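Some notes on the structure that comes next.
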Amino acid sequence: MDYDPAHAMSRGGSMRQTISRSVSKASRNMEDIFNTSSRRTKSVNEDEEALKWASIEKLPTYNRLRTSLMPELGEDDVYGNQILNKAVDVTKLDGEERQKFIDMVFKVAEQDNERILTKLRNRIDRVGIQLPTVEVRYDHLTVKADCYTGDRSLPSLLNAVRNMGEAALGMIGIRLAKKAQLTILKDVSGIVKPSRMTLLLGPPSSGKTTLLLALAGKLDKSLDVSGEVTYNGYRLNEFVPIKTSAYISQNDLHVGIMTVKETLDFSARCQGVGTRYDLLNELARREKDAGIFPEADVDLFMKASAAQGVKSSLITDYTLKILGLDICKDTIVGDDMMRGISGGQKKRVTTGEMIVGPTKTLFMDEISTGLDSSTTFQIVKCLQQIVHLTEATVLISLLQPAPETFDLFDDIILLSEGQIVYQGPRDHILEFFESFGFKCPERKGTADFLQEVTSKKDQEQYWVDPNRPYRYIPVSEFASSFKKFHVGSKLSNELSVPYDKSKSHKAALMFDKYSIKKTELLKSCWDKEWMLMKRNSFFYVFKTVQIIIIAAITSTLYLRTEMHTRNEIDANIYVGSLLFAMIVNMFNGLAEMAMTIQRLPVFYKQRDLLFHPPWTYTLPTFLLGIPISIFESTAWMVVTYYSIGYAPDAERFFKQFLIIFLIQQMAAGIFRFIASTCRTMTIANTGGVLVLLVVFLTGGFLLPRSEIPVWWRWAYWISPLSYAFNAITVNELFAPRWMNKMSGNSTTRLGTSVLNIWDVFDDKNWYWIGVGGLLGFTVIFNGFFTLALTYLDPLGKAQAILPKEEDEEAKGKAGSNKETEMESVSAKKGMVLPFTPLAMSFDDVKYFVDMPAEMREQGVQETRLQLLKGVTSAFRPGVLTALMGVSGAGKTTLMDVLAGRKTGGYIEGDVRVSGFPKKQETFARISGYCEQTDIHSPQVTVRESLIFSAFLRLAKEVSKEDKLMFVDQVMELVELVDLRDAIVGLPGVTGLSTEQRKRLTIAVELVANPSIIFMDEPTSGLDARAAAIVMRAVRNTVDTGRTVVCTIHQPSIDIFEAFDELLLMKRGGHVIYSGPLGRNSHKVVEYFESFPGVPKIPEKYNPATWMLEASSLAAELKLGVDFAELYKASALCQRNKALVQELSVPPQGATDLYFATQFSQNTWGQFKSCLWKQWWTYWRSPDYNLVRFIFTLATSLMIGSVFWQIGGKRSNVQDLTMVIGAIYAAVVFVGINNCSTVQPMVAVERTVFYREKAAGMYSAIPYAISQVTCELPYVLIQTTYYSLIIYSMVGFEWKASKFLWFIFINYFSFLYWTYYGMMTVSLTPNQQVASIFASAFYGIFNLFSGFFIPRPKIPKWWVWYYWICPVAWTIYGLITSQYGDVETPIALLGGAPGLTVKQYIKDQYGFESDYMGPVAGVLVGFTVFFAFIFAFCIKTLNFQSR
């Protein structure tokens, strides 16, 4: 092996090593406690040690491979340095023992990792074992994708309809639209070699992710792929590439309520130990033959890492340590709803999840996003040691590798525009570009140079050849020249000789789909699901409480003292209560749908990584739902059975309990199946309600079996509710109290007569047939759930969008003038729209929050925690200030406090703007704030986002033409012109890339023409070239005379030195430097070097990295100083105080900022702009509007065809009950669908609203009214075609007044349902809670709708709720408008001739035709009320916590 473990660290790492060595010196007094600790100890313990090893050698192989020596500190360790080793079973080590071992072996991760791996390698080499290696080759690999271009790529309603039509025609072979073909990778070839660290570099959209996916065998099936990828000569279809290699995604998908350690443990259990156990077995055999005893630490490490079937493995603790996650291992990962670990830590969990497995071929996609450079260096250093010492094959793409990290790599692959510009040793890459005439500047990182030198905009600045004029060298020229370059020709020669398959180690590739036995995988999944169930206990308690509350309401509504058993009418009330019990317990499963969908992204990731087969996930889910269901069913039965007064018979109680339990199980199964088929919340809400509609309509209770049209009768036999309804009614009505009485016509038993009225089979055996049916459906639906998870893929992949192609010739000409054009733009900026340059000064700023509960529990006495400690400084016009510090220093906190963005906490201190005290109302008008998270409306284009911001934030006096011109100039400034028509999209799902979103965030603030701009980490998550583009935009902004402050994480040299001044903070909210950077950062460097003991900055070292290391906590401990105190005592601090004093006095003749209004536009102007944006958002949300329209169409056709021409039947009560059933079903199902589909829409837009409101764009009321207004035309279209279809198919009387009433009542009913959904979102912190809150009232709305129990039968203590139930008024209006004037006689139950229809609906339901005016008024009132509450809550409730 050509790697030397003592390989000298790069110049970049030397500084860090100096500090880490000095910090760990104290802990290394008993250096290497496992090795012979001292001569004295050696002589004492040698024999004992040998005896212990000898006793282990005698054990049977199975036991020997589980037993090792565990170091144990003796009583006199501190004084006598005595180490005792005890024999332990590695599979039975508890968490504390494992942690103790890891802490002893890996004191300083990057140094000790190398030490232990070197020992491990030496042990393997000593007995001559060859490690399996994998060489990955790709030959002439080309990847193409079909995509729409220009306007056709926008997801509008029209395009969605066209796409659906084309897809349908495509199935029969007709192709209409020609899609453009986008080449992602263009004929690339190369080799990724084992035991060499390979770095993948390239600007955004160069195809890095596609290359990594192609090599890992995970490319999307829809892509057009040619060429081949081989592992050790084997094609991808000859083994299982997903188990042989691991692709580490740039998207962090994890279960939010699992802790970091649990996440890694589950991954380790699913991936197994691979060949580690076989290697250990062979190693132990050879050592035994050679009479060699291993070293205790390596032996324990290897045996514990190879231990199979353990719940928590040592390899997890090791991975946590080398990734620096050991500090947060017991913290939950968190998600949008729950605070967990930081973004950088989440990124490391994604990495850890894969490297915890046995796979040694890793393709890692942007693993450093959100990490500071020292953490990235540490992780890459540990990976380098793994690669060099265990001969792993690793290809890593990094965004902004610091020079010291870049130097850890052996090989570089440089990709640009889908072509390979260079692949080979790192040492020759600069030589390659120098051969063209490009040179990397002195103070520039090589990685940054490489990403910019192929870019048209950046190339010229690196041209150094004085003998030739510069010309743009395109990527294709670089790629073809590389093939002739000595590195390229050597690579071609290697590729021309095929890999000899016979040399491939038998353990190198995986040929089995799963790593461990299916029973073990089932056990792992069971443990995980059980844990998640316990964590989700609040959710289950909430569901049970909800069931108990509805049960209590039901039992007081149908109270036994009010219930009788005299005749059919009494029996019908009982049947109504049973029917309601069925429906409530059916809908109780609805929450299962939201939970399943929430878990799907993580499930798909783990399924595609072959962690476990889908059935090992679905089986525990189903089985663990049973006890919860038993508990909920028991709660329902105990509360309702005897209080309602069902048959007083224990057997019938348990029989009804069984039916309720099976309904819950069947419902959970059907909702899981719907969730797994629909895969998104909007479609699932719609699809789910459609399936339920079929089940309800054909269940035999809204429409008796014999009345169901012939064409729908088949559905009766496959509707689970028909079996449930038969069983539950037969159980009750066969009780003696019903069968011992005669019916009204005295020919049949009362119970039988009622069963005949409902068309239920009057046979006792139908109870057990019903039970069998429900049981069968439960199994079938859970089976379908498993099949759907097995074969369906996630929806909503990022779509490729090509903006309208521009004239190539114009493009060519524009290229060379770009820089001068940029300069002219920046010069004009201040002139086109004038602004007042403003300075900001702040003196002794402090910020407190209430002491967190966890800290109080640990005994902290203070009531407040101080996050900022007396910060004093100033920001000035035309000066670009960097706000820096380690994580937790308070950078973002200070910026939020100064910008007035904090929603809680206590602020002290003096903040002034150009000498006047800061007033937040006026400050919001003259300042901009670019948040770290790029929050934008997903359905508008880039240009529309900017127009919206400009029209709302620029002064009224600015003309429309000037505003539009300004928008175009800002797009030019931040280089967004090519993307002006691109849809923004959702982060990580569709639309713009991270870097494009970042530039849009800056542009949205710039179009407001602010004087002061705050930017929170504008370059985090960007590659070097993108960061350079963003910083160029920032610099251009400052040069117009604005005041700009940026928090910045770990900048490269050129980004750092683009700043003029620096405000440096340390952990705890203290300032340790505030002042100018100086040329080449000399002022900062001189300031810190002036303190005794601070090491000098190494040559060409990044001053930002040096400064953070030199002032770190570790450095303070070593030097015994506090840099905050040193700063306070410095002359620099005094100068700053003087500057702040000077800026705290207004200039001569200056007046305080004053605006006559809080917002730049009046309320009408705000409303118009908000409506404009909402209109486009709605138009481009086909997953909301088109799905809603399709659902309504399907519902109306279904109801129309089931209740075909039933509206004209009025001869008896059963006919009228069927019509009321049809109207009830239609109102409830379309209403609930409107309510649930609008929720995600409002939730997404509310997040954007918080940002825009904080920016002072508009007031909450115009925003809320615009969203309410947008619904009006869509609901009108929905109502019109719905009413036409239902009215004609059900066969109501064609009379203009009746039809218009029908449309009017339905329109306002659908509107109030929609606004009710919007209101629930505005009342709750997130969409999930809104969904649960809304569904809590569905049951109550149903119960009091007048369908299950008519108003005259409702007890007087509940009748008030009938009057405030919107659904009751809808049914009142619809029935009365159609039948309130009908004088035809109607036959009552039992066949007796009786009243007119008009009289019957008045007596039975309390509906009177004279009250149609008030009904209309009340329906309009509900609509206005829900809309008003929505607007009021949006205005007053803020669920954002900062």
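Keep in mind that glycine also has a Cβ here, set from the backbone N, Cα and C atoms.
What Swiss-Prot records for this protein:
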- Gly202, Pro203, Pro204, Ser205, Ser206, Gly207, Lys208, Thr209: ATP 1 binding site (BINDING)
- 520-733: domain 'ABC transmembrane type-2 1' (DOMAIN)
- 840-1092: domain 'ABC transporter 2' (DOMAIN)
- 1165-1379: domain 'ABC transmembrane type-2 2' (DOMAIN)
- 538-558: transmembrane segment (TRANSMEM)
- 573-593: transmembrane segment (TRANSMEM)
- 619-639: transmembrane segment (TRANSMEM)
- 657-677: transmembrane segment (TRANSMEM)
- 714-734: transmembrane segment (TRANSMEM)
- 1186-1206: transmembrane segment (TRANSMEM)
- 1218-1238: transmembrane segment (TRANSMEM)
- 1272-1292: transmembrane segment (TRANSMEM)
- 1299-1319: transmembrane segment (TRANSMEM)
- 1329-1349: transmembrane segment (TRANSMEM)
- 1357-1377: transmembrane segment (TRANSMEM)
- 1414-1434: transmembrane segment (TRANSMEM)
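There are 18 other Cβ atoms within 10 Å of the Cβ belonging to Thr209 (ATP 1 binding site). Panel annotation: around the transmembrane segment (1357-1377), residues 553, 556-557, 1219-1220, 1223-1224, 1227-1228, 1231, 1298, 1301-1302, 1305-1306, 1309, 1312, 1316, 1340-1342, 1344-1347, 1351, 1401, 1405, 1407-1409, 1411-1412, 1415-1416, 1418-1419, 1422 of the same chain, lying at least six beyond its termini, place a Cβ under 8 Å from a Cβ of the stretch. Listed stretches 538-558, 573-593, 657-677, 1299-1319 were compared with the transmembrane segment (714-734); the greatest number of C-beta pairs under 8 angstroms is found for 573-593. Counting Cβ pairs closer than 8 Å to the transmembrane segment (619-639), the top stretch among 538-558, 573-593, 1272-1292, 1329-1349 is 538-558. Packing against the transmembrane segment (538-558) from elsewhere in the chain are residues 573-574, 576-577, 580-581, 584-585, 588, 591, 595, 628, 631-632, 635-636, 639-640, 643-645, 1332, 1336, 1339-1340, 1343, 1349, 1354-1355, 1357-1358: each is 6 or more residues past its ends and has a CB under 8 Å from a CB in it. Report note: the ATP 1 site is defined by Gly202, Pro203, Pro204, Ser205, Ser206, Gly207, Lys208, Thr209, and the residues of the same chain whose CB lies within 8 Å of the CB centroid of those residues, excluding them, are Leu415, Ser416. Between the transmembrane segment (573-593) and the transmembrane segment (1414-1434) there are fewer than 3 Cβ pairs closer than 8 Å, counting only residues 6 or more apart in sequence, so the two stretches are not in contact. Under DSSP, Gly202 (ATP 1 binding site) is assigned to coil, being neither helix nor strand in the three-state scheme. Annotation: Ser206 carries the greatest number of neighbouring Cβ atoms among the binding-site residues Ser205, Ser206 [cut-off 10 Å, Cβ to Cβ]. Highest Cβ pair count under 8 Å relative to the transmembrane segment (1414-1434), across stretches 657-677, 1186-1206, 1218-1238, 1299-1319, 1329-1349: 1299-1319. Least packed by the Cβ count within 10 Å, out of the binding-site residues Gly202, Pro204, Gly207, is Pro204. Each of the binding-site residues Pro203, Lys208 was ranked by the number of other C-beta atoms within 10 Å, and first place falls to Lys208. According to DSSP, Lys208 (ATP 1 binding site) is assigned to a helical segment. Per-residue confidence over the domain 'ABC transporter 2' (840-1092) averages out at a pLDDT of 87.
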